[in-house]
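Undergrad: Before anything else, here's the structure in question.
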Amino acid sequence: MYRLDRIHGLSRFFAAAASHHRLMWIHPFMDGNGRTGRLFTDQYLKAAGFEGYGLWSMSRGFARNVSAYYEMLGAADHPRKGELDGRGELSDSGLLRWTRFFAETALDQLQYFSAQLEPERLSERIDIYFEMRSRRALSDSEGQTLPELRIEARDVYKTLLYQGDQQRADIQARLGVGERTTRSLLSQMAKEGLITLDGRKPVSLNLSRHSIEFLFPSLW
């Protein structure tokens, strides 16, 4: 019923909503059903081809309103209420309430990230973050001062954000610094989780735990 090779277009989104509830309802494991269900839905929507999924996610949206999440799941758990409430064991009207909540959660996430990714505003936050890092003016959640990070890290970050993955040689040429400096900078950025280095693969962007609250305020 929920196989992606048999579902197309927006129907895939509604299938994700229904399959999430059905998986939670059958409760297949002794423990960890919630985490498993949310992971399943994240992977299902990625496989369904929804653009940008991963930057916005249902798991993040559910975490922002946990009480409503469980309330709407519970509504879809109700037995069928008469002949006009579906033909299966569970209530169609309850599933509709859950699906509406699922869609509203997705819309909230999309609107939030659309605002956060507005180019000029995001660029300003990136500039401020890396300027403060270059002066050792930022601390982590425990109050420890974050190490100095060369200002060139800002240019690396923006290039990866706006132009996608880059080869190390291209990054070095763009920065106009030596190979040793580039290697040291990329190594520090990778260690802090700002970028991902994977062998000879192109350098890719990442969201570090130190930068995420600054670049994307009110994420959770």
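Heads up, the Cβ atoms here are built off N, Cα and C, so glycines get one too.
Just so you know, TrEMBL annotations are computer predictions that nobody has curated.
Quantities reported herein were computed from a predicted structural model and do not represent experimental measurements.
Reproduced below are the annotations present in TrEMBL:
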DOMAIN    1-104  domain 'Fido'
ACT_SITE  His27  active site
BINDING   Asp31, Gly32, Asn33, Gly34, Arg35, Thr36, Gly37, Arg38, Tyr69, Tyr70  ATP binding site
Undergrad: Write out the long-range same-chain contacts of His27 (active site), meaning residues 6 or more apart in sequence whose Cβ is under 8 Å from its Cβ.
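TA: Within the chain, His27 (active site) has Cβ neighbours under 8 Å at Asn33.
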Undergrad: Other than its own, how many Cβ atoms are within 10 Å of the Cβ belonging to Tyr69 (ATP binding site)?
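TA: Total other Cβ atoms inside 10 Å, all chains included: 20.
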Undergrad: Over all pairs within Asp31, Gly32, Asn33, Gly34, Arg35, Thr36, Gly37, Arg38, Tyr69, Tyr70, the annotated ATP binders, what is the largest Cα to Cα distance, rounded to whole Å?
TA: 18
Undergrad: Tell me, what is the mean pLDDT of the domain 'Fido' (1-104)?
TA: 90
Undergrad: Across all the protein chains here, work out how many other Cβ atoms are within 10 Å of the Cβ of Asp31 (ATP binding site).
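TA: Step by step: centre on the Cβ of Asp31 (ATP binding site), count other Cβ atoms within 10 Å, giving 7.
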Undergrad: Find, among the binding-site residues listed as Asn33, Arg35, Gly37, the one whose Cβ has the highest number of other Cβ atoms within 10 Å in the structure shown.
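TA: Max Cβ neighbours within 10 Å, all protein chains included: Gly37.
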